[in-house]
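Residues annotated as domain 'Peptidase S26' in TrEMBL: 24-206. Sequence annotations record features per position, and here TrEMBL assigns active site to 50, 116.
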């Protein structure tokens, strides 16, 4: 029997070590990415017209999970299960896994994550509409420059007091948005739990031609402006 060529044996060992390094590096990258997306920032695909003109179908947005307190006027992503979405998607396990992978890669939208604008925070009384046709917060009409051109502030009348731990959310394209108004009369009365908030939409990252920061808007009332 002829022994292994020492040079060939060394070459095989180096090749094996190289593959182990590559696989370990890939595993570490996947774990690090998962941790970042779970606790710091995440990527979401915009599937609908409900937040036009700010967000277009097909946009990918970065969501800041560490932004802290939700403020009136913020654009947020939230888990709609139990409110706008069913608790169970109804997909078979393999189909659900494939859909989850596509969402994680930013190639597909989520069935349960929604993006809307915060109109009312705990303690607010939000009504539609005042004598001039605008939504009022705590009795004062608010300016909404982000509304889709031609849309009324709301075709649905409402008058709600936002309790502790809840939010009143609307899409900017009011005529095309399923939001808090869609849940009037349902358990919770259209109010979404703050615990369901995933984070604040911070930046459009795709397509590159639309890449821009999503600024925070303070919803001003006539009283705020006068002060």
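Residue numbers in this text run from 1 along the chain shown.
Heads up, the Cβ atoms here are built off N, Cα and C, so glycines get one too.
All TrEMBL annotations are machine predictions without curation.
Residue with the densest Cβ environment among the active-site residues 50, 116: 116, by other Cβ atoms within 10 Å. The CA atom of residue 50 (active site) is located 8 Å away from the CA atom of residue 116 (active site).
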